[in-house]
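Beneath this line is the structure, given in structure tokens, with notes to follow.
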Amino acid sequence: MSERGIKWACEYCTYENWPSAIKCTMCRAQRPSGTIITEDPFKSGSSDVGRDWDPSSTEGGSSPLICPDSSARPRVKSSYSMENANKWSCHMCTYLNWPRAIRCTQCLSQRRTRSPTESPQSSGSGSRPVAFSVDPCEEYNDRNKLNTRTQHWTCSICTYENWAKAKKCVVCDHPRPNNIEAIEFAETEEASSIINEQDRARWRGSCSSGNSQRRSPPTMKRDSEVKMDFQRIELAGAVGSKEELEVDFKKLKQIKNRMKKTDWLFLNACVGVVEGDLAAIEAYKSSGGDIARQLTADEVRLLNRPSAFDVGYTLVHLAIRFQRQDMLAILLTEVSQQAAKCIPAMVCPELTEQIRREIAASLHQRKGDFACYFLTDLVTFTLPADIEDLPPTVQEKLFDEVLDRDVQKELEEESPIINWSLELATRLDSRLYALWNRTAGDCLLDSVLQATWGIYDKDSVLRKALHDSLHDCSHWFYTRWKDWESWYSQSFGLHFSLREEQWQEDWAFILSLASQPGASLEQTHIFVLAHILRRPIIVYGVKYYKSFRGETLGYTRFQGVYLPLLWEQSFCWKSPIALGYTRGHFSALVAMENDGYGNRGAGANLNTDDDVTITFLPLVDSERKLLHVHFLSAQELGNEEQQEKLLREWLDCCVTEGGVLVAMQKSSRRRNHPLVTQMVEKWLDRYRQIRPCTSLSDGEEDEDDEDE
């Protein structure tokens, strides 16, 4: 066969294309151009392409910039024919596999007894590769890279392996560091009996490409001290029958092929937490890994240690479970500003979808002139009282993941907006917690559903009901909105009048906001949502808009009480929900379950059982001024006494012993929706399982005792 007849191998899929092809027939990748061989330009000693290429024959003896591989270096007739004679071509993807492989390394297809592209001489020699002399280029193959590892140094920026002579990285021009030792994982022949040398070669390539934007760990440890103990993982997975191993072989191999360098570092850090190896955690942190990363099902299967690892665990979970106080202090410092959020709706997606279907099924449109949508179920979300039974470190972890700490701080500390009454927050167990939600324009709808059903408005079911209600009942809501805007402007001394066309334009803008997913909503939309819920909504919010410099820009106008005034009182519930507002963002304010109260308010008669949780929501601010009631008509407007009377008609109100006017929010776990209760239990079980172990081991001894 002449040199013109030699095909060129695609550097992406290894398919061998005809010399005339400029793109790969399989993956359409561009044909590789000439490879850079030396640092300085050189003149070829001979035009004979059949002569063996020798790195030492380059002018001045300069070292290669890019290590040539089997597909990029000049082809030699003898070695090319021997290479094809030793490997067998896959009938599915044409990948050239080593003779001892019984399955294709790329697609895992079974090897045929005689491949169509295999030469007659090689068809019967699959048991042992034919010995052949290695040319000077063969030392750069993946098979022989281990022997020349000390001749390279790894760039700490792009992870490219440069020759020892290079003073800076060939790819990114980063200066050569003082320490040239590189961290490599699973490169030795003894690391695993399952991964063959082609797997390791492809894995190393994926590490270089997948982590080119991340800093490799600049650790001073040697490879043997920080590399992943793959043999321990392999041996742990070898427990079981031969049939089970054969079934799991393909799955485990696929998982390993997808793993990148950062993934192995993360698994190494997880094992390091269990075994008390702080160096593994430092290596993962130095590589830029996410401390809040959670274990996936595939990673747990690869670790194969159920007594120690579980899906969803982070390094913090493991440190708490195995009582690694020194590691916990380091990890909590790292994640204090960027804690991974985990609300109940995230733990069980199947239950969350069922709840969304329940909400959609409970939405109905009332017949008649006021054709507004409404919910048929009364549901109030509260944090379970079982949280208090968890260890303090686990409680702190739970609150970091479910609460919005920034909102909580702004509403409590920067301004006394919630929990300002010690009587309500402590003695009456009515402390409010700000739940974390999405920060987009859907935060109002998310917070409303979180305060009731504990989930997001992911499918925009509530937004659609909001838009349809505004559109179908436009006349009713428009009249209320127009009268309220006129009165509010006059109350601030702004006496002006608008043409009807201007009012209509502003109203059309409000309607358009309701129909756009992600668009921010206004006070009118809260008023409509109170009618959809058929219950009052109390908003506790900051009073002023402020710039990033802290300058006051204007009034927010969100704080107050929103009553479903267009419904009959008998059609509505008197148990309100509470929302928090902070600089363009709404959050659900929920309480924690308590045992209920008998007669805590002056003049209040609460005939409740022990299962009912009563939360006392203040109807006054920290200065004891009554909260505004929004969207009142001209007949309903009056002095503070008249507004308080109106509040008592629409809410279950009482006055505490401290003289605070409050509204009672009632909820019951037994009477709550069963799907919500089940979702909360599954979410709480996640934290119950990370209790610190009583023993110094990983809990395996306890399991053995139980089995006995």
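Cβ atoms are placed via backbone N, Cα and C, with glycine included.
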When you get a sec, could you say which of 149-178, 239-268, 479-508, 599-628 is annotated zinc finger by Swiss-Prot? 149-178
Among 3-33, 344-374, 406-436, where does Swiss-Prot put the label zinc finger? 3-33
According to Swiss-Prot, which stretch among 104-127, 200-223 corresponds to the feature region 'Disordered'? 200-223
Feature zinc finger in Swiss-Prot, mapped to one of the ranges 84-113, 534-563, 654-683: 84-113
Filter the recorded positions CYS10, CYS24, CYS169, CYS172, HIS585 down to those whose C-alpha lies within 10 angstroms of the C-alpha of CYS93 (Zn(2+) 2 binding site); answer none if the list is empty. none
Let me know how many other Cβ atoms fall within 10 Å of the Cβ of CYS27 (Zn(2+) 1 binding site). 11
Expressed in Å to no decimal places, the gap between the Cα atoms of CYS107 (Zn(2+) 2 binding site) and CYS13 (Zn(2+) 1 binding site) is 11
Minimum Cα separation from CYS13 (Zn(2+) 1 binding site), reported as the residue among recorded positions CYS104, CYS155, CYS169, CYS443, HIS585 that achieves it: CYS104
How big is the Cα-to-Cα gap, in Å, between CYS10 (Zn(2+) 1 binding site) and CYS172 (Zn(2+) 3 binding site)? 25
Please name which of the recorded positions listed here, CYS158, CYS169, CYS443, HIS585, is nearest in space to CYS104 (Zn(2+) 2 binding site), Cα against Cα. CYS158
If you count the other CB atoms within 10 A of the CB of CYS107 (Zn(2+) 2 binding site), including all protein chains displayed, you should get 12
